[in-house]
Amino acid sequence: SNARGRPDSREKMTSKSVRVVLLGPGLVGRAVCNLLKSSRAIHAQRHGLKFDVVSLIDSSGYLAESKGIADETISSALAWKQSGKRMKDFQGGSAADMKSALSALDIDPSACVVDCTGTDATTPFLVESLGKGAGVVTANKKPMCCPFEMYKKMMETPTKIGFESTVGAGTPVVHTLNHIIASGDKIVKIQGALSGTLGYLMSGLQEGKAYSEVVKEAHKLGFTEPDPRDDLGGMDVARKALILSRLWGSHFEMKDVKVEPLFPERFASLDIPDFMAALPELDEEYAKQVQQAEKDGKALRYVASIDEKSCVVGLKAVEKESPLGRLSGSDNLVEFYTEIYGNKPVVVQGAGAGDAVTAVGIVGDLVRVALAK
Ligand SMILES: NC(=O)c1ccc[n+]([C@@H]2O[C@H](COP(=O)([O-])OP(=O)(O)OC[C@H]3O[C@@H](n4cnc5c(N)ncnc54)[C@H](OP(=O)(O)O)[C@@H]3O)[C@@H](O)[C@H]2O)c1
């Protein structure tokens, strides 16, 4: 054994090269590059793997180097992007759409395409890359929520695709579900708080703050999207719920997920300042719901509830003493109820957002996909 007590046999001498093609060199993409760099020794020693970032692709074009882009060049390209500039204008960059960028690269089994964009435009390319034997890892939820027929295609080679970071950032929610499914234990129900922003909101309401007050506070602190309706509408949670439901085995489409937005229909067409100004109209209604839950010994949470027949996202009063009931703040938490675990669910909890934790999920997936036979 070595100093840490690990058997030396786990330290591989030979190295397998993986060519990483990064779509979306933004906040998360940058954290992935940093983690790949700082984990180089671990990847070589423990897993016999060497990751080389061979291309950075944004919506304007790409930078590519078949032997791997040098660390300093990656750093300058990421800083370039961070300052709001485009890949096509970076030294050595080329203007191209995603189709031409990817066809200029050799997408083969030695490549892994990492999707750190937030667009569904990447979906056909992920499918195509898997078809060529490449690996695919995505933090982008949209491709995993594509029409079911296409999803099925992506999942034909389940060891080649990783999407841990689409649910609960790097927190191993997807891994845990896969693990339970693999055991043969039968899942009965999945229930989770999958939005840090809405977790923050629900905690604030429970403390007695007004709905409008907490939303404004979260907006000011940058905890919400620029338009808070993107969080309050529940669509982001709905996507995560669909991903878990499909992984469990449903054939649901996005339209099958029932979503309760935290604002009425008539608020949807307002501009942002008018929306913010109208929020106090909702204070009484939400305060009432929180108080009613409290009276029943429960806590109100924004929850994704998934069973074999349905996938529902919205407010739910949960037992105060349950894992979800005890949750406070912006953490994500998922309860997996199974036949063998009975009424004591398997619980996974951790940060549900943040570029660095998201990168943990992505790089963990990259290692798994690279080691898959
Ligand atoms: N941040 C988090 O905590 C977190 C956690 C879990 C999952 N995620 C997911 O991770 C993804 C990335 O998030 P982020 O925070 O890193 O966003 P971001 O900083 O906005 O980065 C997105 C990147 O994608 C590029 N891009 C946009 N459209 C593109 C296209 N059509 N083709 C190629 N590149 C394109 C953008 O550059 P241009 O617009 O200049 O092309 C930008 O570099 C999202 O799907 C998000 O939901 C994020």
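The backbone N, Cα and C atoms fix where each Cβ goes, glycine too.
Unlike curated records, TrEMBL annotations are generated automatically.
The feature domain 'Aspartate/homoserine dehydrogenase NAD-binding' is assigned by TrEMBL to 24-155. Marked as NADP(+) binding site by TrEMBL: G24, P25, G26, L27, V28, G29. Sequence annotations record features per position, and here TrEMBL assigns NADPH binding site to T117, K141. Marked as domain 'Homoserine dehydrogenase catalytic' by TrEMBL: 172-367. The L-homoserine binding site annotation in TrEMBL covers E225. What TrEMBL lists as active site, proton donor is K240.
Among the recorded positions G24, P25, K240, the residues whose Cβ sits under 6 Å from any atom of ligand 1 are G24, P25. Here the recorded positions are K141, K240; the one with the fewest Cβ atoms within 10 Å of its Cβ is K141. Among the recorded positions K141, E225, K240, not one has a Cα within 10 Å of the Cα of L27 (NADP(+) binding site). Of all the binding-site residues listed here (G24, P25, G26, G29), the one with the fewest other CB atoms within 10 A of its own CB is G26. Counting other C-beta atoms within 10 Å of each candidate's C-beta, the binding-site residues L27, V28 are led by V28. It is 8 Å from the Cα atom of G26 (NADP(+) binding site) to that of T117 (NADPH binding site). Closest in space to K141 (NADPH binding site), of the recorded positions given as G24, V28, G29, E225, K240, is K240, taking the CA atom of each residue. What surrounds the NADP(+) site, by Cβ distance within 8 Å of the Cβ centroid and not counting G24, P25, G26, L27, V28, G29, is the set L22, R30, A31, V32, K81, C116, T117, D355 from the same chain.
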